[in-house]
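Here is the structure we will look at, set down as structure tokens.
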Amino acid sequence: MNIKITPGPLKGCIHSISSKSHAHRLMIAASLCADFCQVSISDMNEDLEATENCLSQLNDLFPVFNCNESGSTLRFMLPLSMALKDKAVFLGAGRLPERPISPLKEEMESHGCTFTKGTDSPQNSTGNTQQIFTVTGRLKGGVYNLPGNVSSQYITGLLFALPLLKENSTINITSNLESSSYVMLTLEVLKLFGIIIEVYKAPQVQDEPLYSFIIKGNQQYISPGKVSAEGDWSNAAFFIVADALSCLAHNVSTPSVTCLHLNPDSAQGDKEILSFVETVRKTRHSNEKLVFDVSDVPDLVPVLAVLAASRQGTTEIINAGRLRIKESDRLATVYEMISHLGGNITELPEGLVIHGTGKLKGGWVNGHNDHRIVMAAAIASILCTEPVIIQGTEAVNKSYPKFFQDFAHLGGKYNVL
Ligand SMILES: O=C(O)C1=C[C@@H](OP(=O)(O)O)[C@@H](O)[C@H](O)C1
Ligand SMILES: C=C(OP(=O)(O)O)C(=O)O
């Protein structure tokens, strides 16, 4: 679907949707409990449906896990299923089959699993959905060594799986842990379900700690009864930036857009958007160069680039290499989005430099089947003087199916082309 947005500020109040990251984790932990556990999630999306569908396969002798386009689902289910099953087929769609699984794959191979690429069940590969691999064998405990800068999702997957094995295990993170708050969110959920993990931080050069996780085997997930997924800071970030841009458009300092049900004490790293917005507000009238390190908050980058375009001066986004392996190559697609809207942006191997002027013009944006590009482009329209046409808006179904409903509720004007 393509839509055309007529630029204008947003105003009003919305209820934040459930955090996708928190909900994935609660659903997985709940499904591993012997006793009933009720998980409340206010809004489902395609990624959470993929996890729900995979979890429903865990009772099958020979499960087929269709992870659709969800990196989290694949990387969480992979070690978990091999802790419980002898054989599993993994399917994926969109860019998922190309997104990396190494070196988790090699670590699993040296702990009892065999990966076979290809199609031993060709009936599973239909339309956009492809068979990624079949895995056989049982995961064994022991020492796992993983770098911290490819995907934290590998670590989360192992943290869910290893407590279920009969052996004890250790996960050593061999380089600086990026997206670390996602691992902390996993530990928080595991603790809630009675799983004990010891965390060690050893100092390294440049004060970045190296983590080790010590995991006893033979643990059991214990149901806490009822749990609710908290509000999603990652998706609220779009409307938090919309608030900043709308205030700028009206030249007012009172909030224009309010997002309800966000936990200020959340373990979600993306609540960092508040401090990025605050820094931009404070430096609105100077053209001092800003540097935003996004190693812990990769999902904020598309909307952060829009925020950067709203100020006068240069903003550099650093430590963003992992953005290239998301639903799109997000450094390339953010570059394209801002350029097509008339902004001045430079793409670096591991970052972006935005030369902000406070305004964008408008124009045509290809969503590249990436929900965060579509949503960032919609928010960028607030800064534009001419309409914004976004191609492929259905990509929002991956994390925020009612994004455009909320956008309209706040006064956003669009029509479907
Ligand atoms: O664990 C999670 O819920 C996530 C971890 C992050 O991925 P990486 O650790 O691969 O950066 C993030 O980008 C993704 O959207 C969700
Ligand atoms: C990268 C994302 O998710 P995943 O890695 O789970 O596909 C995302 O939601 O932006």
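Using N, Cα and C of the backbone, Cβ positions are placed for all residues, glycine too.
Just one of LYS4, LYS201, LYS282, LYS326 is listed by TrEMBL for the same 3-phosphoshikimate site as LYS20, SER21, ARG25, SER151, SER152, GLN153, SER179, ASP299, and that one is LYS326. Within the set of recorded positions ARG25, SER152, SER179, ASP299, the entry lying nearest in space to ARG330 (phosphoenolpyruvate binding site) is ASP299 (CA atoms).
For ASP299 (active site, proton acceptor), the same-chain residues lying six or more positions away in sequence with a CB closer than 8 A to its CB are SER234, ALA237, ASP270, ARG372. With respect to their backbone Cα atoms, SER179 (3-phosphoshikimate binding site) and LYS398 (phosphoenolpyruvate binding site) stand 20 Å from each other. For the binding site of phosphoenolpyruvate, formed by LYS20, GLY71, ARG99, GLN153, ARG330, ARG372, LYS398 according to the record, the largest Cα to Cα distance is 19 Å, rounded to a whole number. Taking SER152, SER179, ARG330 as the candidate binding-site residues, the subset whose CB lies under 6 angstroms from any atom of ligand 2 is empty.
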